[in-house]
Amino acid sequence: MSGSPKTVDYDEVVISNNDQVPIVVSPAEKWFNWLEQANIGKWSTVITLLFGIYVRWNVGLNPYSGQNIPPMYGDYEAQRHWMELTLHVPMNQWYYYDLEWWGLDYPPLTAYISWICGKIGSIFNPEWFTLDVSRGFESEESKLFMRSSVLILEYLIYVPSVIVFVNWWFADKSSKKRRLAVLFILLQPALILIDHGHFQYNSIMLGLTIWSLNCFFYEYDVLGSVAFCLALGFKQMSLYFSPAIFAYLLGKCLKNKSQGFILFVKLGVTVVITFVIMFFPFLDSIEHISQVIFRIFPLKRGLYEDKVANFWCAINIIIKLREIFEIHVLTKISLFTTLLAILPSCINLGLNPDKHRLIYCLANSALAFFMFSFQVHEKSILLPALPITLLILDESFWSSWFNNIALFSMFPLLKKDRLILSYFIVWFMWNWMGSFVQQDVKPIVLRYISWASYIVMGVIHFFDFNIAPPKIYPDLYIVLNVTFSAGIYLLMLFYFNYRQITLPYNLDEKKGKRKAE
């Protein structure tokens, strides 16, 4: 692969762009230009935030995971039940209580936040969280509270982290570029549809991760370590990012010969103390902490959960790995393959611990985990989508392409949740605002490949909506989705590894000089 994609803001040259040419001016650019001409450009970020609330709230008016579908309902009920559980069950029983009914299987920070939400919700109506009796409770008032809790927590944690990130990353660029970045990142379709449609709190985990990056960017490495530990303490999927974070910090310690060892000790002590504080209520016995770990890492569930667009599920069409090998063997195969996939980017970052390589390494590490690790859920694609979306203006072609494939790969889940209309509206809105499908790229064959991929997505959707699959292959369209998406993800993994390894050296120093000028 040679050359780099073009950015939306063509009047400036981005670090990752070597052959910039003018492209179409997007509706988003025209909007911000109009705001400036109307002398209200300073309010553009506020307008973006309000528009973000409007989009999220409208998505939230649609169905959610498991709505009115007994006996287990879905993720909405799981989140509501954890609020009920943490409110009424003693803390030492949180990870033991009635495991057959959405037993708690996330780290303690999720439980603590569930407890806070449950406390607040009980002020309005205790019946929403009555122990056992409230299972499957779906009143309009309780749904309003649950939807609001996702939105409020996202705007408290995730949204500010994005704004701080953009202001650092594009500090030497125009205000219009920063406003475009905030708009496109905050309107990322996949996260909106999963958190506000399907119903989850992924923005908390992702926001804490971005806060850790912000701290690293401003040289607050210890504080950044705390923030990332909190992300791990909220959802164990944050481990997808951990090799990149570890490689960056270790490389920084090794590079700093005078203070490196002291920094290493500080970081080690910080990590230990942070985790001890989060897990302290569960450290009263080996049996208790073992139960917590067992619930957080349920290895007995199998190589992957349902049909997901990763390597293992895709090759299952030909090679039935789960029938050939025992679970413990598959675990080792998965571990070895994942480590092999993340090594190139992590070694590169460790030897060159600059902040720009860190973002690419986060993408490579998370995508490698999604493709090859054990027990992957389709929603886990939100993790590699985070750093790749943060590169939406530096790598506009690849970032937008990845986000479109990511959303498409989650379509079977969103279809099950009856979010088809929201899926298409948010997807088309985001692409139209950025004119992403019109992005230019060299070599031109990549543009043809991307267009071909969009045609394939359209064809699969057309057949899915109009022609019933054969009775002997009831999951035909899901399998086609999985196989196609996994193939594109592999291409993306190769590309972002290539981009990271070929990045110029001393980018941070060069950027600092441009800021000073």
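Placed from the backbone N, Cα and C atoms, the Cβ positions cover glycine too.
Here TrEMBL flags 150-171, 177-194, 225-249, 261-283, 333-351, 358-376, 421-438, 444-464, 476-496 as transmembrane segment.
Beyond the ends of the transmembrane segment (421-438), by six or more residues, the same chain brings 8, 23-28, 55, 58-59, 62, 183-184, 187-189, 192-193, 197, 392, 396-397, 400-401, 403-404, 407, 411, 414-415, 450-451, 454 to within a C-beta distance below 8 angstroms of the stretch. Counting only same-chain residues 6+ beyond the ends of the transmembrane segment (150-171), those with a CB under 8 A from a CB of the stretch are 45, 49, 52-53, 56-57, 60, 113, 177-178, 181-182, 185-186, 195-196, 199-201, 203-204, 206-208, 210-211, 213-214, 217-218, 390, 393, 511, 515.
Tertiary proximity for the transmembrane segment (261-283) is limited to same-chain residues at least six positions away from its ends with a CB under 8 Å from its CB atoms, namely 91-92, 95, 107-109, 221-222, 225-226, 229-230, 233, 249-250, 252-253, 289, 292.
Here the transmembrane segment (476-496) has Cβ contacts under 8 Å with residues 1, 307-311, 313-314, 317, 341, 345, 360, 363-364, 367-368, 370-371, 388, 398, 401-402, 405, 408-409, 411-412, 453, 456-457, 460, 463-464, 469-470 of the same chain, all six or more residues outside its ends. Packing against the transmembrane segment (444-464) from elsewhere in the chain are residues 1, 397, 401, 404-405, 408, 411, 437, 477, 480-481, 484, 488: each is 6 or more residues past its ends and has a CB under 8 Å from a CB in it.
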